[in-house]
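Notes to accompany the following structure.
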C-alpha cells in the first residue's frame, strides 16, 4: 500500500500541533464526530493534510461550492504530489431538469450541457478509488447524488499485458463493451483507433495527456507503449495496463434484460391505479412513454432518461441510490469544510428534488421508481459517514451537539491576530469611510466594503469614483473571469477598494486588505448574522494592520456576539505572542502565479518555435494553440481563473502572430 506523503516547507505551528494530535486521538478512539474550530488564516487545510498523512486513510473533503472546492483541490495537489488527489463536482454547465407545471399543463423536457473536462475528473475519481487507497477526493454536494454501482464499475476493469493471447477484434469488442468508441480519423479522448496490428486508446481515466498503443503479432500482444495524445511521441514501454469503463454508470446487459419485466409489471400496476382513480389521460400517457423506453432498452440496452430506471438496473437492495460515498473503503475519513454552510446545503437537497419528481409521477410522465434516482436524504448521508471532522470558524448547532471533541485552532502560525473592531454610528458614514480609505491608500493597503444589495454596491462604487477613489464593485452579475480580474486588479494596486455584498462567497482572502468596512452591520438577516459577521471580519485577519469598522444605527445581538467572540480570540492571540516574543507579520502572497511564470518562459520561445514551424521544421502551430486551448478549458473547469486569464491572453497573442505570418 502506498502511504500518503505530505510535501511542505513548513512544520505544524501555532495551534496546529495541538489540533492535529487531539483530533487524531479522537478518531483513533473510534469517535464518529469531531470539530475543528479554526479561525481564518490559521491553516486549517494544512491541519487536515497532516491528519490524513498521519492516519494514512482515504479521505473525502466536501465543500459547499465549486470555487472553494477548487481552491482546496489545488492546495491538496500541492501537499500530496505523489498521491491521487481528485476533484468531483457537478459536470453541468447548464441544467434544466425534466419537470411538469400542472397550473399551465406544461411539460419541460430535460436539457443539459455537460462539461467534458469535469466529467473526465469525475471518471478519474472513481477510477482512482477502484485502484488504490492513497486517494483524497475534494467534492461538493454532487457527492450525495446518484451514481452507478461501484461493484459493477470495479468489475469492468480489464487488464492488457505483454504476452497476452488476444486478437484485435477481441480487444476492440472489450473497448466497446466499456463504452469506448472507435474513430477512423484522429485519436480522441475516450476513443480508440485500429491500424493494421496496432490499436491505440486514449482513456480519460488516466492522469496526464497520454494514450496506450498496443502492438500485436499473430494474436499476441508483443509491445505496449505509452504515447503522447497530441504528438503520438513514444513515452516509453510498459508491461501492462488496466482499463476501466469510461462511465461510472456501468450496466451489464444481463441487468437490462432482467429489469425489463420488472418495469413492465410496475407499469401495469401504475396504469391500473390511474384508471381506478379516473385518470385515463395519465394512464395512457405513462403507457406510451414507458413502452417506448422498454422497446429502446430491448433493442439497444439504452434509452433517453435511463437514470429514471436506475432502481431496476443498479442491482441495489439498500433502499437508496449508490453515490460517491459507496466507492470509498469503509475506513475512509470525511472532512466537511465550512460545515456551518455545507451541512444545511446537504440537508436541503432531497426535498427539492422529490417535489419536482412527484409531479412527474402524479401526472403520468414517470413511474414511481423515478423517485429513487435522487440525492441522499440527510439521515442516509449521516449513516454513510464512517468518521467525520467538521471544519469551520463558526460551527453550527449540529456540529456542537454531535461532536465528541471540539478543538480550537486560534493561534496562527504567522502570529497574526484577529483584527481590531471599531463600531461607528451610520450618521456621516460616507464621509468617515472616505477618510478611512484615504488612510489605507497612503499606506498602500487595500479596502473591502460590504453592503446589503447590488444597487447599494454599484451606487457606493460610483460615489467613491467621483471622489477620486480607485474602486470597483463585485457581485454575482459579473461573470467568473470578470470577478477574478477585479480581485487581481486589487492585488496589483490598480484599484484600492472593492465594494461587494457577500464577500464570503468570493473566497476573498487577500493579505493586502487591512480594512473591512461593514455597512448596515445591525440589520437582521443572513448577511448580518453573528456567523456571517465573524466570517466577514476574518477578511482582515491576514494583515498585521487589520481593522474592521461596523457602521450601525443600533447595536444588534448578532453584532455583540461577533464582537465578543473576535475580541476573545484576539486576546488569546495577543497573550500568546507576548509570551513567545512573536511579532505578527502580514502574509506575503505572490501575485504572479506559477503558471503565469511558466507561460512567460514559454512565450520567450514562441517566436523561435514559430519561425521553425513556418520553415517546416516543427509541427503546425495550430497544435500548439490547441494545446493551450485545452489547458485553458482545464483551468476554467478547475476554477483556476487567474491561470485561465493568462492562457486566454497568450492564445490571443499567438493567434495574432499566426495571422500576420500568413499575410506576409
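Keep in mind that glycine also has a Cβ here, set from the backbone N, Cα and C atoms.
Among the features that Swiss-Prot reports, ATP binding site is placed at 38, 39, 40, 41, 42, 43, 44, 45, with the record citing sequence analysis. Annotation for residue 38 (ATP binding site): spatial neighbours 15, 19, 44, 47, 391, 392, 393, 408, 409, 410, criterion Cβ-Cβ under 8 Å with sequence separation of six or more.
Marked as domain 'Helicase ATP-binding' by Swiss-Prot on the basis of sequence analysis: 25-170. Predicted-model confidence for the domain 'Helicase ATP-binding' (25-170) is 93, expressed as mean pLDDT.
What Swiss-Prot lists as domain 'Helicase C-terminal' is 429-595.
Summarising the annotation, Swiss-Prot assigns domain 'UVR' to 622-657.
Using a Cβ-Cβ cut-off under 8 Å and counting only residues 6 or more beyond its ends in the same chain, the motif 'Beta-hairpin' (91-114) has close neighbours at 122, 305, 356, 359-360, 363, 365. Annotated motif 'Beta-hairpin' per Swiss-Prot: 91-114, in sequence order.
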Local Cβ density at residue 40 (ATP binding site) - other Cβ atoms counted within 10 Å: 19
For residue 45 (ATP binding site), nearby residues of its own chain (Cβ under 8 Å, 6 or more apart in sequence): 72, 75, 76, 79
Per DSSP, three-state class assigned to residue 38 (ATP binding site): strand
Cβ-Cβ neighbours of residue 39 (ATP binding site) (radius 10 Å): 28
Residue among the binding-site residues 41, 42, 43, 44 whose Cβ has the most other Cβ atoms within 10 Å: 42
Extra residues within 8 Å (Cβ to Cβ centroid of 38, 39, 40, 41, 42, 43, 44, 45), ATP: 47, 393, 409, 412
Composition by DSSP (helix, strand, coil) of residues within the motif 'Beta-hairpin' (91-114): 3 helix, 15 strand, 6 coil
